[in-house]
Amino acid sequence: MQATDFIRLTLGSVFSQHLRSFLTALGIAVGVAAVVLLTSIGEGVHRFVLAEFSQFGTNILAVTPGKNTTFGMSGAVINTVRPLTMEDAEALKRVADVEAVVSVVQGNAEVEFGKRSRRTMIIGAGHAVPAVWQMDVEIGRFLPDDDPRNARAFAVLGSKMADELFGSRSPLGEIVRIAGERFRVIGVMESKGTMLGFDLDDTLFIPAGRALEMFNREGVMEIDLLYRSTANVDQLEEQISRLMQARHGYEDFTIITQEEMLETLGSILDILTLAVGALGGISLLVGGVGILTIMSIAVNERTHEIGLLRALGTRRRQVLGLFLGEAVLLSATGGFAGLVIGAGGAALLGLAIPALPVHTPWYFVLLAELMAVAIGVIAGVAPARRAASLDPVEALRAE
Amino acid sequence: MIELDSIERVFQVGDEEVHALKHVTLTIDKGEYLSIMGPSGSGKSTLLNILGLLDRPTSGTYRLDGIDTTSMGDNEQADTRRHRIGFVFQSYHLVPRLTAAENVALPLMLSGMAPKERHVIVEQALDNVDLLDRAEHRPDQLSGGQRQRVAIARATIMQPTILLADEPTGNLDHISGESVIEVLEALNKQGIILIVVTHDMDIGERAARRIRMVDGSISKDVR
């Protein structure tokens, strides 16, 4: 049989029962739409979260004190974690491929200017923050490259901090009191928004050495370093680990690369997307059952026709193909409609609720359509086989 | 030509074996006009199904144009039906959603002929049964006699050697039945083997060779 005739015959039988075919295809359409819509939202959330985490750049490596492993010996003997020091940071600066280093100390303190005061997050850091965390100053400049042990008392405000304390006045050159100590404001950061609910603008930067004193800490909480994008991360990690072990005597620190973190996060989010996709898949399955039902009914109703086709010399395989073709036509059309509904719905949802991140990746679309076709084949194969295996004499005689 | 040699067909009905055909031996020459008559359950339909390769005999051989059909596979039998055998059924068996022309074209379509080539052949076939003006009508827009003529056009479109008609006038009034029989007889005059199974004595008597079946055997074979 020619392909055009095959398509015409199949279309003809599907259209002759238009209401029934429409409803059956609708079942698949709803399923595919659900899969596309849900995975679009899942993928949107995925991208949103990754973007939140990578807004500080991806070529970052963090060294934190302590080791996340359990040792076999009694903890009391070797449980002496040496703090990470400013000297460690200085040493790391000299490792090849490292472009910039920031020692981080965090704490909360009261910031006062005139009669206003505000408790906020104080970040003790160094001059390399703009480079390493990809943040820029809006006005003024960031902390200067002072000797870390003896840095001048300068402060840089987060944009919200500046608004709260100074309103419309320029804070540059003003003196603020942080936990009682005087700091001169030399810059205001650009607004960076929030990250997972944490307001990045409601902060204040001071030199790390001063923050150590202010919060009475022995060591910094983290050393972030920016490496060249061309660097081999594994080698770099190895080098840093060796250097730190030489300085501390044993491995009492943890190295986390941004890449690793994003990978872990990515795989968690992949599972999320998969899970919501599977949820939509259930309705697709129900659509498949609809096709199975309708095709079984069609084979029963058209027993005479099958007998006739066999009498006219149609081979069993051709009968199988015709009925399978109808099932696939139903599922593929339904699937296509579902794609349009799902992708359109996702786009509308994105417009209606801008806060909801929505993204429809084309390979999901393709996958959903292929899945619809596959469901058509799976659902159609049993009825089609029954049609093909009918005895022509019985089929022609059937009431 | 058709050569049946001691054909037997046994059906298993529950625990019982029913011998629908008992050692039927029959030779039909090219261009013969044959009627098969007999009471219900005499095995006429079974014989027709075996002649049409819709059913296989339990034993015996059936040679069609010198070729043994009993050893053929399923696909080979289907191909033989397509090219050598035409069927006309009591209830026409037209596909309701296809037009008369499409119904007639069905065997050509299934054999893979291109629509353009088909067109002329289908028109000719419809013209032969005097239904050219009904080509685009669907079966439910045609009378019984017209439907049966469409079915005849379909059965003969592949130019088969045998035309098997199972009660072709069974659902028709006398006048429509008459015209259908005339069409069938005209085809027989062109050389096709015409085998008509019927209850109707008048129609059965018109055949040049009349076979009577009783209890699965040929009881009379009159020329």
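Placement of Cβ uses the backbone N, Cα and C atoms for every residue, glycine included.
Whatever TrEMBL says is automated annotation, not expert-curated.
As annotated by TrEMBL, domain 'MacB-like periplasmic core' applies to A:21-242.
If you look up TrEMBL, you'll see A:279-392 marked as domain 'ABC3 transporter permease C-terminal'.
Non-local neighbours of the transmembrane segment (A:21-41) in the same chain are 14-15, 273, 276-277, 279-281, 283-288, 290-291, 294, 330-331, 333-335, 337-339, 341-343, 345-346, 349, 356-361, 364-365, 368-369, 371-372, 375-376; each lies 6+ residues outside the stretch with a CB under 8 Å from one of its CB atoms. Taken from TrEMBL, the feature transmembrane segment applies to A:21-41 (among others).
What TrEMBL lists as transmembrane segment is A:271-299 (among others). A Cβ distance under 8 Å defines the sequence-distant neighbours of the transmembrane segment (A:271-299), meaning residues of its chain 6+ beyond its ends; these are 13, 17, 20-21, 23-24, 27-32, 34-39, 41-43, 45-46, 306, 323, 326-327, 330-331, 334, 364, 371-372, 375-376, 378-380, 382-384, 386-387.
Taken from TrEMBL, the feature transmembrane segment applies to A:320-349 (among others).
For A:361-382 (among others), the entry in TrEMBL reads transmembrane segment.
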Counts by DSSP class (helix H/G/I, strand E/B, coil) across the domain 'ABC3 transporter permease C-terminal' (A:279-392): 98 helix, 0 strand, 16 coil
Integer average pLDDT (0 to 100) for the domain 'ABC3 transporter permease C-terminal' (A:279-392): 91
